[in-house]
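Asks: Encoded as structure tokens, here's the structure I'll be asking about.
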Amino acid sequence: MDLSNRKTPSSGHSTQGRPSDEFKKPNNSQGENDIVNKVNISAALGFLPNHTFSINFKGMGNLHRVSRVAVTSKEPGVVGNGFDLGIKALIVLLFLGNVAYQFAAYFTGLISSEFYMVLGSKDKHGFNIVLGKSIGYTLLTGGLLTFNNFMLGMIQAKSRMGLTRYTHDRYIKPKAFYDLILRKNVDNPDQRITQDIDKLSASYMNVFSIIVIYPVVVIYYTVRTWLITGYIGPVSIYAYFIIGVIVSNLLIPMLASKVYYQERCEGYFRNHHVYTRDNSEEISFYGGEKKVKSEADRSLSSLFKRQKAVAIFTVPIYMAYQFFSYFGASLTYALVGIPLFTGMFDHLTEPGELSSMISKSSFISMYLIYAFTTILSAARDLAYLVGYSVRISQLWDELETINEDATNDWVQESPEGIVEVYNLSVESPTESTLISDLSFSVLPFNNLLITGPNGCGKTSLIRTMKGLWKPTSGTVKLPYKDGKMDVLFLPQRAQLVYGSLRDQVTYPETENESNSRFADGGDYNQNVRIINILKEVGLSHLLKPEYHLSFIDKNDFSLNYNIETSPESVLDIRHSTPTWEEILSPGEQQKLCIARVLYLNPKYAILDESTSSLNPQAESQLYNALIRQGITLISISHRESVYKFHKNCIRFDSTGRYDYSEIAN
């Protein structure tokens, strides 16, 4: 593991070591065939669990798969257009830039020997020429390093774009991310998407270019070293690095699993603080600060143990790395001493010739050592890249499995255009019966109320009707319109989105879908519609520009703050999701969700406790608005005040049985 900066002999260019190879526990989905080495670390540290960790050294297939997706991506922003080159063109330029750098580095490295020559002979004219060449080579080398770094930055950005969009296409789709989180077969998918893809994109092409170019560099400098020192020079350097590789391979597995578990604990620790942020008000109401702090400290302690383990097992690796790094200089001069003390340089009699030859010989030997160091470092970086690619591939494989199994054939289109449920039985994930042999139908304008004790399966019913949960038996038939389900499900928790007031009302419609809805009248008709709906649900105060001023973060340039006096301009004031949650009370959030139903105007709307935070007067106002618009409602509620808005009622008990009756209003 490269735990320090490293520098080339001539350029001073440095790169940092990178964290986290990937290791798999037994019974991983990729199977025992991927396991080629097992390292038992249970006895190493007392606080680690007693497991045998399987280190995957056959992950090159995963790396090839991920790299191919990045390079062949056709996503917007990745494909070249004009001077905005695509990844393949950038790779070619990076390769040419690295080749050019090797030539520049060679001539830059030899310039010292020329200085020794002109200084030793006191040649002022020659000194000025060499000085000019030195400045030119330095500028060229620096320019090439800058160019290569720019190419790597562009490849990183485009690769991350391509890989992330590829993942989004499989992750953010119906049922996919819901099932992924529900199954829990892949830990921290957010970390894999936001961090692992970025880390892989940052260095994979640089590693590949080194692996392609530097073997040629090694061959060239091996020949040059042989010509100066004889066979003993290259043999000594090769033996030096073979020993280094053996030592590294013996030491690195000691650290490898510790790094994996540190990365895992980092994800859990971050998730805990995200939870604390998202539930700050609830925690404060409960007075749960001590409990939350206790859990946070426990997560931190676990992370601390992993970091301490990494620090402990880093000591021998770092010691070996530093020894081999600094011993290289001594070895270089030892090799130069061979031709010097065997008389091979005795013919150099002019002033400065011997110093020049020593400088030239030491540079060539040192650059051969540096080339080996670079390859060895790239090999270690390659191991990290394999780790990232394994984590990314695991996510892709799980998403592919989910998407292949994502059939919800129990949900069908109703020929009559109504909601129908036949012989539906549903179990919880723990296989306890929630609903048993349920059948009902909801005709237009015959609103249905579903009630019963907590945990009896009310929300499970609508999950099954939406196709999120698979029933043990039965079918659901729903009305469709233009190939899409003409039923809007309103979950129990009000969802606010990142964006404008318009975005809150039109969600989940895309901009194109909204435009097609008002194709004849354009934005004006949409604005009028949204404004009228907001007034109807009692949110007219959100149309006042001054209401938003105190919530505006003018440093966030991703948001739109072009505030004018008209309500239409207020519709496009954008806020982040946390800001919307801060602006709106729970009751206002529920009103905004009802506004979505009125805007989208589905044939049926299924409301799960969607007015629980409202007073009876506001609740009555919203139900009357929905009924006036002709939307047939299926409501889940415990409140007596909503009975009058429904014609029929299904009352569940805690055993999965139910009673269907007509409501006498």
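A Cβ is built for glycine as well, from the same backbone N, Cα and C atoms used for every other residue.
TrEMBL entries are annotated by machine, without manual review.
Take a look at what TrEMBL says about it:
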COMPBIAS  1-18  compositional bias 'Polar residues'
REGION    1-33  region 'Disordered'
DOMAIN    89-380  domain 'ABC transmembrane type-1'
TRANSMEM  90-115  transmembrane segment
TRANSMEM  135-155  transmembrane segment
TRANSMEM  202-223  transmembrane segment
TRANSMEM  235-256  transmembrane segment
TRANSMEM  323-344  transmembrane segment
TRANSMEM  364-386  transmembrane segment
DOMAIN    419-663  domain 'ABC transporter'
Asks: For the transmembrane segment (135-155), name the stretch out of 90-115, 202-223, 323-344, 364-386 with the most CB-CB pairs under 8 Å.
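Replies: Looking only at 90-115, 202-223, 323-344, 364-386, the most contacts with the transmembrane segment (135-155) come from 90-115.
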Asks: Find the member of 90-115, 323-344, 364-386 that has more C-beta pairs under 8 Å to the transmembrane segment (202-223) than any other listed stretch.
Replies: 364-386
Asks: For the transmembrane segment (90-115), find every same-chain residue at least 6 residues outside the stretch whose CB is under 8 Å from a CB in it, and list them.
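Replies: For the transmembrane segment (90-115), the sequence-distant neighbours (Cβ-Cβ under 8 Å, at least 6 residues beyond its ends) are 8-11, 71, 127, 130, 133-134, 137-138, 140-141, 144-145, 147-148, 151-152, 154-155, 158, 205-206, 209-210, 212-213, 217, 355-357, 359-360, 363-364, 367.
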Asks: Summarise the model's confidence over the domain 'ABC transporter' (419-663) as a mean pLDDT value.
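Replies: PLDDT averaged over the stretch: 84.
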